Amino acid sequence: MESRKIKVMATAIALIMVAMVVDAAGADKGKDKEECTAQLVGMATCLPYVQGKAKSPTPDCCSGLKQVINSDMKCLCMIIQERNDPDLGLQVNVSLALALPSVCHATADITKCPALLHLDPNSPDAQVFYQLAKGLNETVSASAPTGSASEPTSMSSTPGSSAGNNSGRTTSVPGTNHAQSFSKQWLGLEVVAHFFVIFYIFILV
């Protein structure tokens, strides 16, 4: 009984993650959904941790994270890019999310995300990744034991030209046109509909 409830809730979380990927993909919705759905379902159990609701990630979360990093890092980049989209109603603690690879003993370089997402290195979207990585490195360095050499971190940073004062802080970039905004609003309605379906199944179970 309890196992079935957990599976239902994990499926609901996975639906949100998949929706995030589909929205970020734009014209390549079908292709990106096909590539990322399985990996994101595997990471569904990470959501309680990166939202600050769990003290540590589950073994399944770490396994799913490593699979995404090894098979398609682009999917992880999309999750980071869309982490604060208000239309999706999904809030992620950036510090916990970026520290997740280290906690799971995995290696992930988010400074590669702009290239994987085909972003201009000097664009605001790209600068978000560079500054988040820089902020993580500074946090790790500050927490290193005194008198001992700090271990190399899995995140590296590239200096940006337009976001030098936003290190480690959450940054959101507004949409470029009305069509993109309408698309996100429609996607939000779809996610809500999915939740009602999952909630109904959850009650029946």
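Any Cβ shown, glycine's included, is placed from N, Cα and C.
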Problem - Per Swiss-Prot, cysteine bonded by disulfide to Cys104 (from Cys61, Cys62, Cys75) - result: Cys62
Completion exercise
Correct disulfide partner for Cys46 among Cys61, Cys75, by Swiss-Prot, is Cys61
Exercise for the section: Cα within 10 Å of Cys36 (disulfide bond) is the criterion; apply it to the disulfide-bonded residues Cys61, Cys62, Cys75 and give the hits in sequence order. Expected result: Cys75
Practice task
Tell me, in order along the sequence, which recorded positions from Cys75, Cys77, Asn93, Cys113 have their CA within 10 Å of Cys61 (disulfide bond).
Solution key: none
Fill in the blank from the handout: Of the recorded positions Cys46, Cys62, Asn93, Cys104, within 10 Å of Cys75 (disulfide bond) (CA to CA), in sequence order, we find none
Completion exercise
Integer Å value for the Cα distance linking Cys104 (disulfide bond) with Cys46 (disulfide bond) is 11
Fill in the blank from the handout: Listed in sequence order, the recorded positions within 10 angstroms (C-alpha to C-alpha) of Cys77 (disulfide bond) out of Cys46, Cys62, Asn93 are none
